[in-house]
Every structure is written in structure tokens, then in C-alpha cells.
Amino acid sequence: MTKFVFVTGGVVSSLGKGIAAASLAAILESRGLKVTLLKLDPYINVDPGTMSPFQHGEVFVTEDGAETDLDLGHYERFITAKMRKVNNFTTGQIYESVIRKERRGEYLGKTVQVIPHITNEIQDYIYRGAEGFDVALVEIGGTVGDIESLPFLEAARQLSLRAGRNAAAFVHLTLVPYLVSAGELKTKPTQHSVQKLREIGISPDALLCRADRPIPDDERAKISLFSNVPEDAVISVWDADTIYKIPQMLYDQGLDRIVCEKLALSPKPADLSVWTKLVHALENPKHSVTIGMVGKYVDLTESYKSLTEALRHAGIHTESRVNIEYLDSEEIEASGPQCLAKYDAILVPGGFGKRGVEGKIAAARFAREHAIPYFGICLGMQVALIEYARNVAGLTKANSTEFDPDTEQPVVALINEWQNHDGKVERRDLNSDLGGTMRLGSQTCAVKPGTLAAEIYGNEVTERHRHRYEANNHYLGRVEEAGLIVSARTPAESLCEIMELPRTGEHAHPWYVGVQYHPEFNSTPRDGHPLFISFIKAALAHKQAEESKKVT
């Protein structure tokens, strides 16, 4: 039978519940348990797919094509289990499901209410996501005291009661702020947060106390006394320079022991050697590179969370410190791309909409003409294709119908029929809903032999997608005639998946790659990702070559 660990948060949001839950999951997995994580989001949106990155941050895509909370990216980076659609659900999905059942008459004429119908539906979703695992960690979004979170907390309380003794544990993450004026840590917000949780009927088995410094024993004892949590279960979680130190921090204070005792589990001892090695590699780099990332959401770097982590993973596996500087594509559009000359490599990530796109096109051209390693992801590939079509292939009016619906040369266009990750044929048009109408999830395609992509991936590539627009095959042949290499295509529709510049000949470039998919979703600190590792190696080579020029 699956055991449950519910992770809640108090005082303020953005304390790091996802990192805490993923770190505990990593420890439990190292103890031989089969572990998964679920994220319960209280917002009414069906999923985050149509939410602004400034509102929500990154949308993480699972292998089976779900658009989910960015915390699922943390989950996959900390444990080996892959997340699925069932690992993330929202208030919107719950109400949508309950209303469908009511319309079908499944409630037999009863008055449909939050209790029991909504809370029962939440429990059903939790059990569905946890099926087949020894332990499921369930992160409840929001903050205790929020109206939106109440049905989820009530469902967790009911599930714990129904599942019986030793079937569920509650871990509460809270803030212990340091007041400079008083010169001390303040425990009162934590006391009130636990009190609020207990009013709901939930008594935490462990407290994770976030602070900017380790919490002294006397303060932990005070928190224990007023929150009715054993002192050894009051865990100090202070600011760390890398999230990959958190598993060791929690293990050193016995959080996994407390949880296992509560759940009556006796697994093997933990082995955190993989995290020790990762942290050592992060703290002892032999090289350094600086990447210029040209995007439109640069004021909120959470929008590129998986991407920045993938670059850091590549740094771990190349013994390099990867410095990332975020550049607003609108500023490049206004002042020109000359500021990019100082970078060891340039990356243009995915995105949507017309704003700042000409700055991204200028960045792609600057990288091509100055032999700077270039990596274009999703939209980053499309702008590189547009740039090459305009300035090399003679298609001077080339554009995407996303930015100019009436463009005379739509080298990038909306695809209206495609095969999804499960083989199902999907269709859409300009009038389709925005939500859930993209090419989503993992797909596999063959890689053209003799290309840079083949050196990186081998014979085939399987990656995750999230986009509506594709390279237009009507123009792709002309661009290929001008020297661009299409090194991978989808098997069913022959859509461009990878494009690159040749490394020899008239249009030679040392490393210039665009991909239609999102490889960052498959990167982990344990293994890195071959494409990002190759990119960082190219950045190192470019940096070395530029330094050699200065010497001579």
C-alpha cells in the first residue's frame, strides 16, 4: 500500500516547498523506496499552459504531453521517476471533472458540494497519481490560510484519516524571518502558521523552518514547545548557494528518519554519494564560460528554470562554471547586437508572440556571422531559420505567420495537422482554443548520419515538444540549397526537428544548432544532457580560441 507525505507551506509563498519535497524524495529513493511526487495547484486554470510566464514562471512539459507546474521539473531532476499528467492537477481540473459527472447524473440527484464531492475527487486524483509507488510526496500549493487551498487541505486530512495509522505524514514548511532592527530570528509567524494548520485538523509531524541562517537550538526548542512538534522534528533549512545541497542538509538533521518512523517503514540506509559528487563538481570547476541568453522574459528568470538548470548540469559534466547573463531581446532590437561579442556562446530560448522577435533574429545573425556558438530552442530555431532565409537563401521577406499573418514568404507557419506523442492525429486552426492545442510531449525521430546532431545523439532522438508553429516545408528545400542542414525530421509529417550549419565549406560554423523541441526538460544533474554538454564544450573552445588570438 502506498504511504503519503503531504508537504504544506505557511507564512509566505515561494519558500521552496517543491525543492524541499524533491529533496526528501531523493533521500527516500536513495533508501531503496519507489517514490513519486504530486503537485496540487489551487488556481482555477485548467493548467498553466495559457498563463503568462510573468504570472506563473516556466511551464514544464511531461513525456505524455501535460503542461504542468515548474515544480515537476524539480521533481524529475531530483528523483529518477518520470512525471506524468497524473502528477499535477488544479482546482480547475477538479471542478471540471465534478461538473462533468454531475451533468452525466453520476451523483444521482444529490446536491453537489465541496464536501464530500470536491474533496473526494481530490483524493481520487491523489490515489491515481500515487498508484504503484511505495511513497508519494504530495505538495499542496499556496499557503495555509488561503481560501483556495482549503479543499486540498481538507482532502489531505480526510485521506490521512481514512488510510489509517502510519499511512500518512505531514511536513510543514514555514518562514522564520530575521529582523535586522531586533537582531534576532522571530518564531511567532511559524507558531501562528502551525496553529492555523491545526485548526484545519492537521498536526505536522515535522517542521521545516526556512531562514537566511541556521536556527539556534534554543529557537528550535521554542518552536517545538509552541507548535507541539518534537524538537528533533524542527528542522533548520537555511539559504544554500545551490539547491543540490538540500538533500544532505535534510538528511543530516534526520528528516527521512522521522518520516520513515511515522510511516512505519524500515528501508535500507541512505546513500547520498551522488549528491556529494555533484556539489563537489559545482564548487570546484576547472573552467568557466559566460552564456548570453537572449529572451523576452528576462525579468523573471523562473520562466527559464529548466533551461538554466540544464546549462548548470552541462557545467557539472564539463567541469565548468556556467555564468548566464540574461539579455532583453527588445533592447538588442533597439541598440543592435554588438553587445553579444563578449559572450562565449549565445542561446535563444523558446517563447511566444511578436514582441522582441527582431532582436532575437539579430542575435542569430550576429552569432552566425561572427562564428560564436549558437543554440536556438523552439522559437530560437525558428528565428535562426528566418534569419538564414532572409540573409543567405534570398528569401528577403521571410517571416513567421505568428509575427506577420500576411507575410509573403512564411518560412515558419502554423501546422494544422500532426501526430502527437501517442500516435493520435491532432488538428487545429487559427480559431482553435489556445489551451491544449500545441504539439506536446515526447516524440522520436531519426537523425541524419554525418551531422553534428548525429555526433551528439546517435541514430535517433526522443525529446519533448511544446509549440504551435513549425518550419514550412514549402520553403525548407530552398534554404537547404543555400547550405542549411536539416539533420532530423518527424517520421510522419517530415517536419524539421533539428537544423544546423555545416562545419566545413562556404557557410561553415563551429557550432550552430537549432532544435524545435525543448531538450532542457530531459536534463538532470546526474546525467546532464548531450546537447547542452556539447554546447558548453563549444563555448569553452570558442573562449580558448578568442584568448589565443589576444595572446598572438
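Each Cβ is built from the backbone N, Cα and C atoms, and glycine gets one as well.
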Of Ser13, Ser400, Ser442, residue recorded by Swiss-Prot at the CTP site of Asp146, Ile147, Glu148, Lys186, Thr187, Lys188, Pro189, Thr190, Gln191, Lys222: Ser13
Same-site ATP binder from Asp64, Asp69, Asp71, given that Swiss-Prot records Ser14, Leu15, Gly16, Lys17, Gly18, Ile19: Asp71
Identity of the L-glutamine-site residue among Glu330, Glu402, Glu493 (reference: Gly351, Leu379, Gly380, Met381, Gln382, Arg468, source: Swiss-Prot): Glu402
Annotated ATP contacts Ser14, Leu15, Gly16, Lys17, Gly18, Ile19, Asp71, maximal Cα-Cα distance (Å, integer): 12
C-alpha spacing of Thr187 (UTP binding site) relative to Arg468 (L-glutamine binding site), in angstrom: 49
Other C-beta atoms that fall within 10 angstroms of the C-beta of Glu520 (active site): 27
Cα distance (Å, whole number) from Glu139 (Mg(2+) binding site) to Gly16 (ATP binding site): 11
Length of the line joining the Cα atoms of Ser14 (ATP binding site) and Glu139 (Mg(2+) binding site), in Å: 13
Integer Å distance between the CA atoms belonging to Glu402 (L-glutamine binding site) and Ile147 (CTP binding site): 39
Between Met381 (L-glutamine binding site) and Thr190 (UTP binding site), the C-alpha gap once rounded to whole angstrom: 48
